[in-house]
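Copied from Swiss-Prot, the annotated features are:
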| type | residues | note |
| --- | --- | --- |
| REGION | 37-56 | region 'Disordered' |
| DOMAIN | 81-133 | domain 'bHLH' |
| COMPBIAS | 162-179 | compositional bias 'Polar residues' |
| REGION | 162-189 | region 'Disordered' |
Amino acid sequence: MDNCVAAKIMDSNLSSQQQHFLQPHCFFPQNVQQLSPAEEQQASKAKPIKRQRSASPELMRCKRRLNFNGFGYSLPQQQPAAVARRNERERNRVKLVNLGFATLREHVPNGAANKKMSKVETLRSAVEYIRALQQLLDEHDAVSAAFQSGVLSPTISPNYSHDMNSMAGSPVSSYSSDEGSYDPLSPEEQELLDFTTWF
């Protein structure tokens with residue numbers, strides 16, 4: 001006797017409410033066939049077959065998928081439109097973050113030349129760049145304060161006005177004082193001063 005006949009015999013012994021809770025739909029093959037009235041009578045006269053319990057993993061998974069619709073509880077189903085809107089918002093957010101990193105990459109030293117900078121590398125480079133700019137500002141403020149207090153006095157030379165005019169286009173600048181000129185800038189400092197060409 002096949003599973004279909006056994007299922008029909010067992011179904012006839014239980015009420016419909018008991019069947020709903022005790023027998024998950026995955027317990028028997030999905031291709032259950034309808035019995036003709038003659039086959040149903042023959043199956044009802046046959047000896048009831050006991051269901052054998054198996055401890056197979058497939059059976060255990062099947063038992064966990066019981067249908068609880070009879071209790072009036074069902075899991076909330078998300079609407080496809082709501083999911084689509086949420087996914088679209090997330091895509092837009094990621095796009096904006098990526099555009100922000102691309103813009104930042106263009107403003108950090110070596111960022112425009114290095115297209116493969118990761119987000120972490122871009123952030124580290126930006127932090128280093130900001131610290132270097134802050135150090136330059138602090139040094140400039142210290143020199144300005146020294147000029148204002150009279151400790152240092154700038155000497156105006158014919159090259160001074162030329163140096164001031166060329167500062168916007170050139171990353172190298174020099175200051176003149178009574179004691180002489182400053183040491184030339186290192187390549188790293190020149191690279192940091194190059195930011196004026198980006199704006």
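Note that the numbers count up from 1, one per residue, in the order the chain is shown.
Backbone N, Cα and C atoms are what each Cβ position is placed from, and that goes for glycine too.
When DSSP labels each residue, the domain 'bHLH' (81-133) comes out as 42 helix, 0 strand, 11 coil, counted as helix, strand and coil in that order. In this model, the domain 'bHLH' (81-133) carries an average pLDDT of 90.
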